[in-house]
Ligand SMILES: Cc1cc2nc3c(=O)[nH]c(=O)nc-3n(C[C@H](O)[C@H](O)[C@H](O)COP(=O)(O)OP(=O)(O)OC[C@H]3O[C@@H](n4cnc5c(N)ncnc54)[C@H](O)[C@@H]3O)c2cc1C
Ligand SMILES: Cc1cc2nc3c(=O)[nH]c(=O)nc-3n(C[C@H](O)[C@H](O)[C@H](O)COP(=O)(O)OP(=O)(O)OC[C@H]3O[C@@H](n4cnc5c(N)ncnc54)[C@H](O)[C@@H]3O)c2cc1C
């Protein structure tokens, strides 16, 4: 680890209100940064940030822009991407995983600057192209190039007004007309209008759309993808038969033009059907095409999961940003103190404050590594399945498990980021409510991640369903190894705290992991019993499952995600050969996060009999608070190691210079019209009745 | 209850997507409404809503207005108040409590229409006048009239850039100059600039300001209130020596002009000192004036607590609004179902969904009544102390306890409302992210209530400090009776679930209350032991207290607020003579809320030995889920009974007509510029390389 190159990481300002705590850390934040992220990832990101910062088009607005202006700006920024040359030519020589990761890193850096921008790009290029690869055939690859070159402006239209999570019940139809060899697209009624489609409101020229494929005989062959031209790319005027509009203002992400569209007998060429998995012959016969099922499945898998992995990466960064703001503010802000007239204490010194914000700092660090590990696992599977002649086998073995991991982890991390932002806002008091703190916008922009690419509560059910199947299965199918501990289920279910303490003391990495293994076994066993009991009583399986969410399945799926993240972190860290001071930081972060998570499941540990009496809860809380106290003097440097540069973080209360009050002063004094008398002053004063001396 | 007059409550639309559930309720929502609120309160509120609705100045904007326009509009609306004649002349004949409640009801109705408006009015009139009464003397009453007549535009300037919660360390100075009989106001440096002051940014002509009173001999006599002229009321131009500006955009409440101000050797007349509790003679001698301490203390108390009670009322309404949106949406929205091709189910039918949103519906109903009870208690004390010659005694007896109740309850209810809004947003899926759902704005406007009028975490500590004092005290001082159960502490600490079940079965009102009494005793005993232990080890009391927040004090203060609310609800409901169907609704709501709250303390029940094994947790959860199931068919009508009219609720996804999709369609189709090609379309298209057929 000695010869890591940190020279490409820009220095932070010295002095200022953060200096005192920075001095107390006995490690180099830059080297820690290179533990949280690879050198390559960091180089790519700093490059993106540098380029954006030096281009005036990306200068931050000093106030919320009008909706239309936000959309214009985001669109202009998307178009500027090419000129910024963020993606070098050489990327074509990289293998699949390397290339994907390159693009992911760019996306992360863009996202931390502006979520509207990164989502627009993803919809316009990444996700669209994934979908084409997943569902299209040879003849559709030209769209991939066209999207790259922005000859087409694209979007993905799945959701309808009355159908989101239950995509199977989408009602848009594509009826094949053999006479003209066209599909006729129809929206049966407004409830089936496509809506919420990003890029569609003002700009998209083509929409990748899910619709029911109906042949001339009236038979419905289920959902298929279609490329539907929306607007003339030369004029952006919609084609006849396409009623397309913008859904209007949202709570955030207003740089994106989310739209709705109603199709009325709108004809598209037969070739616009994405026909990888099912094809219609020119004369109208539907045929299932499974010549290459492995690749088809792989691509489909990739298409659905890559988006969610992107969300997890973004959310890990959002967690980082929120934690950085909370920590930097807390280290500079002083309030109260032991003596009436004496020095006040930085609020970071208060145990309660540590307990409120450090778990998010720790979560950010652990998840940063865990998400990276999950990404690698995911990409390896895809790559192996592409390379191997047995690709199909590799995929089906892994597909269900990786889907479960992602379905559990996306809710876990998006909710953590959501909570981190809110806690940070409150932890920064009134100043956290300033627009310039960035927290309000961060909250609004992050919020929908709990809903799109799969509603968290619905996704969670998919994960728990898989887990419960594993519990019930005769043979374990866990090629990724996320539930291999189930082989020890009998022993695990008997485990109790005192016995665990003897096997794995509190100080061991295994302690928390073993607690989780008991917890997961208990929840699976408990939930299974609950469902079985209902089935026996004649309850419909659908209902039995629904009625087992609150009492077990929901917690199960969250606990699974947490276990997977903690385990990935431990596995990763153990592979590193670290100097003592770095090992210690990672250990403290792990303890804070793990103990905090265990605390959130405390009831189950007691109810399930793992713990009796006060010892377990006391031990966990004691270690949590102790670890928080240890983290306190390192926290600022840890935050430095995960902070985006000031340009991207863009929070006036958390600049790296630690000059909180100077920066606030500057903000107050220079905000637009700060000292201006309102132009409408005459409208609001009340004519003064009588002269009163300075009253 | 038979002869209640509900005729003044406007009917709701019939038909629509809510009709099915409305039919299933076996009670009249209007009569239920009159259980949640008094007839007088409702008449006042409907009157306010009606008047606002019929005045075009109060028409809702269809998009977020520019910041400056938001400020202008709110200011214009404040001025229009007089013309609306919301406050009748007769109010002067009412007694103190009645009058205050009248104004509180108006505030509530205004707040549910626009928080910016109601806060501006509160700062401009209510809170300002309270403060004058609390700290001023005879000569200052003219300001009260002037504020009513808007001859002065007022604000309250306490917070400084570097001091919020710790007001004692405010640094603005007011130095008396006997030669001119003036106070010289100074802001020592930018960190001591007043900031976040509502109304100050653009408009205030006078600021009620806290500053350190310093006499010519240099002695600092501590904080006092001063009326400091800021701007010329005829021109709104600031006076020389006053550098005043607007702090800029915030995450919400942008109708309010929050400002900052720096004073430089700014001279104000001696009479502008609010000299009730301390006076400076013309020649500069400071004298403490406690001629009428009872009234002084009473007014001071009123001044500080009334604002927090206002916040609780507003938050209870916000809870209602969020719950109403969640319930109405869930009753109309369908997604998934047991059969592949069959009917889909309204999401309100899913147990998990019920578990997510019903506790907030129940919280809204219980808190609505509990806050009303607390308000009455508070006003009675103030009124009695004003009427009684022993006013001082009455007050000091009650002051500490009511302060503790309020300090615990304000955090509890503002946090509940915060969580309710977020859960509702997610429960409404993507459509909940539409600006027109109102949820985004509700979240942003509600958020700072967790911080202003006392940061929640700091307030909570004040409540727990009082509780711990009671625990340690030889004689209980609980004139309001919030902790009389402490007399049974020995027995309570021994209580366990099986034994409680025999005394008070799960079906009794007492069950939850007794659980809470055990919980509070346990937390007080535990936290006291923790502090004592530290003190014995030589830890400073300040630190010992800080280090007891996480392990007990924090939960103690929340539990105390919950207990007080549940108990108030039970006491109130028991006094009513209700028909069976109404009694049943209240009972179900109580059970949902109480069981849900108990669940949140489950760990402590186990760790503290109240429960062993799975029975208690299972019983509580079972009753919670069962009560949710019972609430399901009543929920829409319960929501009707707490919903503000559509005009005030203003959520396109939760109109009373239940026409979700028709309303969404209208919203999508008519939002400003929905179908317009952007004016900047030329800037964002990429010149098309070659002609491609409809590609
Ligand atoms: C900013 C934004 C951008 C978007 N961009 C796109 C886009 O580009 N293209 C596109 O096609 N779509 C897009 N969407 C739509 C998005 O994909 C959907 O919002 C998402 O799939 C959730 O569906 P829904 O909103 O219909 O919620 P619903 O499925 O209606 O769910 C509503 C609520 O019911 C609950 N629920 C549903 N079923 C169950 C059940 N069985 N048990 C318990 N609870 C249940 C859910 O948890 C949720 O809380 C976007 C949405 C947003 C907010
Ligand atoms: C919208 C808005 C309107 C406002 N209007 C006005 C107004 O009109 N007039 C006015 O004077 N002020 C106003 N304020 C300011 C408001 O009163 C303060 O924000 C509030 O008092 C909290 O103080 P602070 O922001 O300085 O937070 P701080 O006191 O600095 O607290 C910061 C954080 O530290 C934590 N903390 C502090 N002390 C401790 C401790 N001992 N132990 C543990 N944790 C601790 C707190 O919990 C908080 O999370 C307004 C604020 C807002 C947001």
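Glycine is no exception: its Cβ is also placed from the backbone N, Cα and C atoms.
According to TrEMBL, the protein carries these features:
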- B:155-265: domain 'Acyl-CoA oxidase/dehydrogenase middle' (DOMAIN)
- B:159, B:198: FAD binding site (BINDING)
- B:306-468: domain 'Acyl-CoA oxidase C-alpha1' (DOMAIN)
- B:453: active site, proton acceptor (ACT_SITE)
- B:509-687: domain 'Acyl-CoA oxidase C-terminal' (DOMAIN)
Averaging the pLDDT values of the domain 'Acyl-CoA oxidase/dehydrogenase middle' (B:155-265) gives 97
By a three-class reduction of DSSP, residue B:198 (FAD binding site) is assigned strand
Residue B:198 (FAD binding site) to residue B:453 (active site, proton acceptor), Cα to Cα, whole Å, comes out at 12
Residue counts for the domain 'Acyl-CoA oxidase/dehydrogenase middle' (B:155-265) under DSSP, helix then strand then coil, are 6 helix, 53 strand, 52 coil
Neighbouring CB atoms within 10 angstroms of the CB of residue B:198 (FAD binding site), all protein chains considered, total 23
Going by C-beta under 8 A and a gap of 6 or more residues, the same-chain neighbours of the residue listed as 'active site, proton acceptor' are B:307, B:308, B:311, B:410
One finds that other Cβ atoms within 10 Å of the Cβ of residue B:159 (FAD binding site) number exactly 22
